[in-house]
Amino acid sequence: MEMIGQLLDRRYRIVQVLSSGAFGQTYLAADTRRPGHPQCVVKQLRPPNNNSNTLKTALRLFRQEAEILERLGKHDQIPQLLAYFEDHNQFYLIEEFVSGQPLMKELVPGVPWSEEQVILLIEDILEILVFVHDNQVIHRDVNPSNLIRRKSDKKLVLIDFGSVKEVSTRLADGNGQGLRTIATGTPFYMPIEQFQGHPQYNSDIYAVGMIAIQAITGLEASDLPKLQDPNLSSTGELSWQSYAKVSAGLTQVIDRMVHPYYSKRYLTVIDVLDDLRKATGRSGFNINKLKSFPIYQEEKKPIPWPKIIAITTTGLVSLIVIFGLLQVLNRPDPVKAENALKRGVEKVNQGDPKGAIRAFNQAIKFNPNNPEAYHKRANAYYDLKEYEQALADYTKAIELNPKYVNAYFNRGLTRYDMSDLSGALADFNQVLKQEPQDGDAFYKRGLIHYDLEDYTAAINDYNTVLRLQPKESKVYRARGTALVKSGDLQAGMADYTEAIRLEPKNPIGYYDRGRARFHLGDYQGALADYNTVLQIDPNNSEAYANRCSVYINLWDYDQAIKDCTEAINRTPNEVAYNNRCIANLNLKDYPKAIEDCSKAIEIKGDDYKAYSNRGLARSAAQDYEGAIADYTQGININPNDAEAYGNRAQVHVRMKNYDKAIADYAQAIRLKPNYAAAYYGRGLVRVEIGDKSGAISDFEQAGKLYLEQGLTGGYKDAQFQIKRLQSGS
């Protein structure tokens with residue numbers, strides 16, 4: 001399935017593919033639930049098959065690896081795991097996106113680094129690995145592409161842990177138990193034991209040594225395997241020293257880091273750093289700073305309860321003691337509250353909102369004045385679509401912290417989903433009062449203005465978003481739709497076209513532009529856009545239904561029926577049935593037309609167009625009573641449908657109910673003063689009842705309107721009727 005543009009977990013919008021391999025794919029995504037839509041990394045892991053045992057094992061292994069990554073993310077130079085979840089037997093990790101450039105770009109072939117630079121590089125990488133190894137994790141894929149020089153502080157960040165790939169590789173036989181590890185990593189930086197599927201902690205040390213050799217020699221990565229000395233081929237040792245001027249001390253350290261046999265290599269990162277300090281005489285290097293990071297903060301001991309001494313002398317003293325006990329019992333316990341809060345976040349990340357709510361209940365019990373706990377519980381209620389509870393919790397969070405911007409934002413989303421547009425508008429106004437550059441809040445407020453049919457205000461908000469975020473394609477689409485609704489179809493088309501330019505593989509832009517072109521009468525252009533939608537997304541039932549409508553207007557009724565049938569086969573809906581009804585009607589297959597319009601009414605009982613179209617089919621099949629009933633029902637649903645009055649008038653004419661026909665034509669004209677066909681039809685009725693002057697007046701008005709509308713055939717018919725009446729024939 002094409003992932004670009006897809007929304008995962010109702011939150012993460014896939015933007016582009018970062019990498020692809022046998023284990024799955026890595027994507028860049030936007031977090032649509034956070035202001036500004038910050039970028040994040042989505043790693044998709046694919047089990048080798050859909051066998052139930054395999055999937056069960058995959059889920060267990062996936063959660064284990066996710067827990068490891070969650071611990072590792074506590075280090076400042078390792079991306080934080082933001083979430084993880086399973087969807088349709090695919091497993092997803094959501095990680096912090098690190099803005100910067102890979103170390104690979106700094107290693108320019110032919111430009112060797114100085115010894116001092118290489119020493120600092122080794123230290124930087126190994127200091128991260130101290131934490132990794134202390135958490136009993138082997139990275140398995142330390143290489144220049146997986147070390148990002150962070151833009152904000154120029155520190156190296158270690159990404160893409162190879163252990164995660166084993167979630168797929170360890171499932172090769174469907175059980176994941178006791179399997180030999182399949183080699184993962186980048187070959188130029190992998191030692192022999194890793195190739196053989198037996199990675200060690202010091203396999204990572206080997207990789208760092210190879211990076212150091214690449215940096216100090218200025219060699220291409222592809223040249224590293226050629227460093228194996230042919231005279232030492234039986235041992236696999238590397239001969240790299242002739243490519244660089246390096247001190248004996250650093251040479252000795254690097255040689256031991258890249259020794260082919262892991263038993264003769266440095267066993268721990270601390271050993272390497274210690275030897276590096278000794279060999280280079282670097283007095284400023286403090287080995288003590290590399291003590292292991294704690295995986296979890298040690299829980300503080302709760303404050304002991306005061307001993308309650310039984311005092312029986314006076315009732316007053318007893319009351320004082322009881323009051324003191326109640327004070328102790330009701331005292332907030334910040335440690336327990338924080339631990340419960342963490343458990344709740346873990347449950348959210350595991351896709352268990354109900355479990356999260358139970359944990360957040362505990363957090364609130366232990367500390368009822370923490371706005372964050374209410375906010376997180378509200379988010380969990382929101383995910384469960386329990387909007388009333390979510391609303392109450394967001395409101396409580398705001399009471400406790402009146403400047404809690406995220407609570408206002410999310411309460412606005414909740415109110416929007418509850419159709420409380422004025423309340424949602426007030427919340428987003430509050431967000432923008434505190435954060436006047438929040439493009440996401442402007443966008444949401446624009447959607448509300450659109451729903452309130454204040455298209456000018458919506459367009460103004462979208463304009464502001466595009467000044468802040470000029471490459472947001474969805475905002476161009478939204479503004480395009482508002483412009484179309486305000487009557488500026490050409491400007492709307494321009495916005496849809498810009499959205500397509502920004503996201504040429506997103507079908508939504510083509511779909512929206514296709515609709516605009518259809519309403520402009522550009523049926524060939526609409527056809528081209530819907531064709532593109534279906535090339536990108538072959539199962540888009542709405543595109544099939546709308547293309548069916550295009551074919552109807554191009555008089556290709558057979559193709560229209562094929563498209564509407566494709567739409568119905570995918571997602572039965574009233575639009576597709578209605579359009580197929582019209583196509584069958586034009587092919588004079590009235591029973592099928594009646595059947596399709598009946599299906600549309602069955603799906604949507606208040607579809608006045610379906611009643612009107614079924615009325616046309618029944619009238620053509622000479623079921624005049626049935627046609628009258630359908631037009632009447634359609635008019636009851638939508639009393640402003642001029643065409644329904646005009647069509648019912650025609651049936652009254654066939655039944656010779658001329659008074660009713662004239663009444664219906666009159667109402668049609670009141671609703672639509674430029675309705676030329678209604679004037680022409682009423683003129684014919686007046687001829688039948690002998691009202692010659694009234695008939696001529698109607699034909700004259702019909703001719704004038706037909707001419708203004710460019711309908712020369714209708715104009716000629718009206719002129720013919722006038723001449724016939726005036727000649728007395």
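Cβ coordinates come from backbone N, Cα and C, glycine included.
These numbers come from a predicted model, not from an experiment.
Some features that TrEMBL has for this protein:
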DOMAIN    12-277  domain 'Protein kinase'
REPEAT    337-370  repeat 'TPR'
REPEAT    371-404  repeat 'TPR'
REPEAT    405-438  repeat 'TPR'
REPEAT    439-472  repeat 'TPR'
REPEAT    473-506  repeat 'TPR'
REPEAT    507-540  repeat 'TPR'
REPEAT    541-574  repeat 'TPR'
REPEAT    608-641  repeat 'TPR'
REPEAT    642-675  repeat 'TPR'
Are there residues at least six beyond either end of the repeat 'TPR' (541-574) with Cβ under 8 Å to its Cβ atoms? List them, or say none.
507, 511, 514-515, 518, 523-524, 526-527, 530-531, 533-534, 580, 582-584, 586-587, 599-601, 603-604, 607, 610
For the repeat 'TPR' (337-370), give me same-chain residues lying six or more residues beyond its boundaries with a C-beta closer than 8 angstroms to one of its C-beta atoms, as numbers and ranges.
9, 63, 66, 70, 81-86, 299, 376-377, 379-381, 383-384, 400
For the repeat 'TPR' (473-506), DSSP counts of helix, strand and coil?
27 helix, 0 strand, 7 coil
